[in-house]
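To start, the structure itself, in structure tokens.
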Amino acid sequence: MSEPQSTISPEAQTPAEPQNVLERKGDVLKLQIFCKKFNNIGEKAKTEWFNSEVKSSVDYTLDAATGKARYVFVKFKSAADTAQFKKDIAGLKCKGAELDVHDFYRGERNKRSRKARSETEERAALRKQRRMENITLKEMREKAKYEKDKTLIEKSAPLFTYSYAEQLRLKEQFIMHAARNFTREVKAHCDKRQYSFPNWARVHKNKPGCSVHEIIGSPESNLEGYRNKCEFTIGYSDFECTKPEVGFVRRVEGHELLVESGGALPHIPKCMKAIEGELRRLVLDNFDQVKPFSRHQKNGTWRSVMLRWSPTRNQMLMVVMCCEPYEKATDIIKAWAESSGNKNLPVPVSSIFMQTNNGVSDACDMKTEDLHHIYGDTRVVMDMLGLEFPLQPASFFQTNVVMCKKLYTVAVRLALTGSADGDDMPALKDLDSSKLPAAVVDVCSGVGTITQVFASILGPKPDGKPRVYGLELVADAVEDAKASAKANKLENAVKFIAGRAEETIEDVIKEACSDIQGDQKLTVIVDPPRSGLHPNVLRCLRQCAFITRIVYVSCNPDTLSRDVVQLTRPEADYTAAESREGMKEESGILVPKVIIPVDMFPHTYHCEAILLLDREPLDSVFDQSWSASPTAPSSSPEESSVAADATSNPPSTLSETG
């Protein structure tokens, strides 16, 4: 460290404070000394410099700021010592830089800290406000994963505090992001393999490759109480397990599910809230005999209750989950079902099942062998677009009937006309018969709702064979679908097949193609679970030239993006010259045309989407020049088996075309 200058400049000497100011502010017992050279030396070096260069006759305590701060604090025992020290160091320099000496009064640091904190908080609040104004639904969902101590309404209906117009904007933006994402992914796939880009993907990276329709929102009358199925947890509101409660899990503490009433939740219908109250009274009245199950104590009987409501039939189905032995719980529930407590409800429970579950978690499959019917009907009947669907406890059905009708109307219009225009379901007499599909295949058909809607419009084939096919994994759902098809007098127009879609789709498409004539083709509807479609199903849909239209109904935009990439990506056959021999451009490639967001679940993060994909000739998709460099890498044999006869005679199995 260089030799400091020791000359005292009278001009640089800090003038003494007037006595009345000192009396008003308090004695100055601390100085804060700034120097721009201090930021280049650490605490130890600053201390050594003071000890060697500062010559003063008074006692002082040096508080060198940690790190490389540009200041130090010096403390004194009296105001006189402070004044003398100022005189002693007046004009002193460090590496040629003057010292800047300031009086530091009692409380001054705290005042400065409070002011700094206040300014920092104001800036942070402003940044947060700006961030929240521009936040996306995807960011909100990710942020919610790490938030703790949220209220029940914040967990179950996180968008409830937003206006409905703002909710729709966020969800439409979310689907727009999904469309942009699968467009970018297809471009990345082509770029990596040196394939030509499809025309629809030749857009700016921030634009989608297909049209994004305005979101279809819920009517104002259906914004609250729209769910027809809810699951209530029976547990405790305290960790000590002394206060039984029926409702929804607010948080988990020490493996115990702490439950809170769902009375304030906007999407739960009033008739179910009334049953929740009755069950709470029932559990409290019988607490000495039958207790709720405790996760950390591993004892108790009551676990949960599932309710399914048919608004048009005024029916309510209940499934009570209990640990074994559950005989006392069964007797209590049966006695309640026959009592005025049930009979006087807005919608009395008309069907009750008991379900056994001795596991730690309430999450378990609703297997037939674990269900025991104890009261009333065995099914509840749901009405949809003029059709009726009797449901068992495990059957899947859309939880928002009003919006489900809108969803199916749009999906059917897209499948039969290629357009979403119109509010009503199309009638056969209004459709161009030359453009109708030879058959419709519904993958993941559930209880056959949209499958039977198609069957009610198209009817059977001229030879009396089914024109609509439904593929479903859950055997009970298939049995329900067959029963409802018979009740709706559609058994000749629709056929349901139980099994995994990846194992049954080839045989079903082969059967549907068996009597295709002329230009008739297949239309496929897919409504998969949140995990999306199996790779084998995606391959069949992508490579079968008889499938000219796909309507993809998605409840998860993330898996939708992934699946669309697999359905629309170009294969090596389109780019490698040696693989093009015998190929026919008319075999075509799937192209996304329009995606339509549908708000099935107001006040939540969830949003459904309907995507239309049409198979178009290769020359139109790739601007006549549909082959890229012949040096492009070839795909695997499995990926390059689209046969030349894909547009002539139907294959004996789909494996012949991929």
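For all residues, glycine too, the Cβ spot is worked out from N, Cα and C.
A TrEMBL annotation is a machine prediction, not a hand-curated record.
Database features (TrEMBL):
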ACT_SITE  Cys555  active site
ACT_SITE  Cys555  active site, nucleophile
BINDING   Gln398, Glu472, Asp527  S-adenosyl-L-methionine binding site
COMPBIAS  1-12  compositional bias 'Polar residues'
COMPBIAS  647-658  compositional bias 'Polar residues'
REGION    1-20  region 'Disordered'
REGION    623-658  region 'Disordered'
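Feature map: annotations from TrEMBL on the structure.
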residue	record	Cβ neighbours (10 Å)
Gln398	S-adenosyl-L-methionine binding site	22
Glu472	S-adenosyl-L-methionine binding site	27
Asp527	S-adenosyl-L-methionine binding site	24
Cys555	active site	19
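The record gives Gln398, Glu472, Asp527 for S-adenosyl-L-methionine. Within 8 Å of the mean position of their Cβ atoms, the other Cβ atoms in that chain belong to Phe396, Asp442, Cys444, Ser445, Gly446, Val447, Thr449, Ile450, Val553. Within 10 Å (C-alpha to C-alpha) of the residue listed as 'active site' lie the following binding-site residues from Gln398, Glu472, Asp527: Asp527.
Site extent for S-adenosyl-L-methionine: among the recorded binding residues Gln398, Glu472, Asp527, the largest C-alpha separation is 15 Å. Mapped onto three states, the DSSP output places Gln398 (S-adenosyl-L-methionine binding site) in coil.
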